[in-house]
Amino acid sequence: MVKAKKRLGVLTGGGDCPGLNAVIRAVVKTAENEYNAEVIGFFDGYEGLVENRFRPIDMKDAPGLLTRGGTILGTSNRADPFHYPVLEGDDYVHLDRSNQAIFNFESLGLDVLIAIGGDGTMAASAGLAAKGLRVVGVPKTIDNDLAGTDVTFGFDSALVTATDAIDKIHTTAQSHHRVMIVEVMGRYAGWLALGSGLAGGGDIVLIPEFPYDIEAVCDQVKLRKSQGKNFSIVVVGEGAKALGGEMVVQRRVKNSPDAIRLGGISNRLASQIEGLLNVECRVTILGHLLRGGTPSAFDRLLATQLGVKAVHLAMQGEIGRMVSWRHNEAESVPIDDVAGKLRLVTPKHPWVKTAESIGVCLGVPAGISIEKYLTEMVHQ
Ligand code: F6P
C-alpha cells in the first residue's frame, strides 16, 4: 500500500512581528524538500483551527516570504480555544472550543500542528497538547519574554528599529538641550528598552522589572548637566512604573486573554521630570513601528533555523515541544515547561551589569545595588 503523504498544519498567533513569514517559508521548504510532506496554513491563529478556515501552502508561496513583514496567514490575539469569544446578542460569551479545534485537526488528516506564537499561543498549545493534539511550538515576540529560549525571533528586528529611532532622537536632544524620552513596547519585560537603550547610548533606561526612583532619574540629568552635557536620552519600557506607582494602562481589549494594553508612561515621566527640574522634555512613543517591516538578518537566520527544527521534530514524532534557541543552536523544550511563564530581566543579567559599569542610570539611586534596592525599597 502506498503511504499517504504526511500533512502538517501551521498557524501564527498573537501579535505579529518580523520573521513570521520566514518561519512559514522554512516550514514549507523543509516539509517538501526533506519529507515530501504537504502543509496547510490556518488563518488568524487558533481562530482558523476552531473555525476550520485554512488554505494549502506550498513552494509557490515561498518567493518573497523571507523578507516580508507580518504574516501571510493573519493572526489574532483573542482566539484562545479554551476561552473562545462568541457573539451572543450584543455581547461576547466565552466558550470552550478546544474539542472543535481537535476535531478539525483530525478531520483534515493532519499529523502535527506547528503553532508559531508567544506566551498566549504556547499556553493554548500546551492545553491542546494535554488533550491529545500533536503540536510543536515556535517562539516569536518582539518582547523576548518567553521562557525556555535565550531569544525569540522578532526581537532583534524590533531592537534595530528602536535603536535607529534613538539614534535619530539624539540630534534634537543635543540641538535643543532637552530631555528626550523614547518609549518602547515590551509589555512586562524590559528586554527591548534595555537592549535599545544600551545600543542607542541612552543615559537613563527604565524597565518594568526595576520600578524607578524619580529622584535618581533627576539626579542623572543633573549630573550630566554638571558635566557640561545639556541633554539626556531616556529609554523607557511601556511597562515601567515609578516606585510605589502603577503601570500606565492605555486600554483594555475585550476578549483578549491578557486584556491590558500598556502605553503612556513616558508622558507621566515627562511631567514628573519637568515638575522637579527646570528642563524641557519631549516624548516619542514608538509603539507598533517596532512590530513592522522586514526582519533583520539575525531574525531571518533565527526564524529559518527554528522553522526547520520544528519540522524535524514534527516528523520525528517529538511533539508537545517548543523549539528554542539555546547555546547557539536550535533545541527544544517541553511546551508545558514554558506555558504561562515569563522570562524577565534580572539584576544579574550581563546587560544590567554592563549598563551599571558604563554609568547608565536604571532608575536606582547611586551607591545602592539593584538587588538591595529591590529588596529594601520595592518589595518591602
Ligand atoms: O507582545 C507584543 C506587543 O507588541 C507588546 O509589546 C505590546 O504590549 C502588545 O503586543 C500590543 O498589543 P496590540 O497589538 O494588541 O496593541
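Indices start at 1 and increase along the chain as displayed.
A Cβ is built for glycine as well, from the same backbone N, Cα and C atoms used for every other residue.
Automated prediction, rather than curation, is the source of TrEMBL annotations.
Features reported for this protein in TrEMBL:
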- 7-313: domain 'Phosphofructokinase' (DOMAIN)
- Gly15, Arg78, Ala79, Gly118, Asp119, Gly120, Thr121: ATP binding site (BINDING)
- Asp119: Mg(2+) binding site (BINDING)
- Gly120: site 'Important for substrate specificity' (SITE)
- Thr141, Ile142, Asp143, Arg178, Met185, Gly186, Arg187, Glu238, Arg282, His288, Leu289, Leu290, Arg291: substrate binding site (BINDING)
- Asp143: active site, proton acceptor (ACT_SITE)
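All features noted in TrEMBL, drawn onto the structure.
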{"residue": "Gly15", "record": "ATP binding site", "Cβ neighbours (10 Å)": "19"}
{"residue": "Arg78", "record": "ATP binding site", "Cβ neighbours (10 Å)": "21"}
{"residue": "Ala79", "record": "ATP binding site", "Cβ neighbours (10 Å)": "29"}
{"residue": "Gly118", "record": "ATP binding site", "Cβ neighbours (10 Å)": "24"}
{"residue": "Asp119", "record": "ATP binding site", "Cβ neighbours (10 Å)": "24"}
{"residue": "Gly120", "record": "ATP binding site", "Cβ neighbours (10 Å)": "24"}
{"residue": "Asp143", "record": "substrate binding site", "Cβ neighbours (10 Å)": "29"}
{"residue": "Met185", "record": "substrate binding site", "Cβ neighbours (10 Å)": "26"}
{"residue": "Arg282", "record": "substrate binding site", "Cβ neighbours (10 Å)": "15"}
{"residue": "Leu289", "record": "substrate binding site", "Cβ neighbours (10 Å)": "16"}
Could you check the binding-site residues Thr121, Thr141 and say which one's CB has the most other CB atoms within 10 Å?
Thr121
Proximal residue to Arg187 (substrate binding site) among binding-site residues Arg78, Ala79, Asp119 (C-alpha distance):
Asp119
Output: those binding-site residues from Asp119, Asp143, Arg187 whose CB lies less than 6 Å from an atom of ligand 1, in sequence order; none if no residue fits.
Asp143, Arg187
Which one of these binding-site residues has the most other Cβ atoms within 10 Å of its own Cβ: Arg187, Arg291?
Arg187
Work through the binding-site residues one by one (Thr141, Asp143, Leu289, Arg291) and name whichever has its CA nearest to the CA of Ala79 (ATP binding site).
Thr141
Pairwise over Thr141, Ile142, Asp143, Arg178, Met185, Gly186, Arg187, Glu238, Arg282, His288, Leu289, Leu290, Arg291, annotated as binding substrate, what's the top Cα to Cα distance to the nearest Å?
32
Tell me, by DSSP, whether Gly118 (ATP binding site) is helix, strand or coil?
coil
From Arg78, Gly120, Thr121, the binding-site residues whose CA lies within 10 Å of that of Asp143 (substrate binding site)
none
Near Arg291 (substrate binding site) in space, meaning Cα within 10 angstroms, which of the binding-site residues do we find among Gly15, Arg78, Gly118, Asp119, Gly120, Thr121?
Gly15
Three-state secondary structure, Leu289 (substrate binding site) (per DSSP):
helix
Taken over the domain 'Phosphofructokinase' (7-313), the model's mean pLDDT
97
Do any of Thr141, Met185, Leu289 (binding-site residues) have a CA within 10 A of Gly15 (ATP binding site), and if so which?
Thr141
Just to verify a number: CA distance, Gly120 (ATP binding site) to Thr141 (substrate binding site), in angstrom, no decimals.
11
Annotated ATP contacts Gly15, Arg78, Ala79, Gly118, Asp119, Gly120, Thr121, maximal Cα-Cα distance (Å, integer):
13
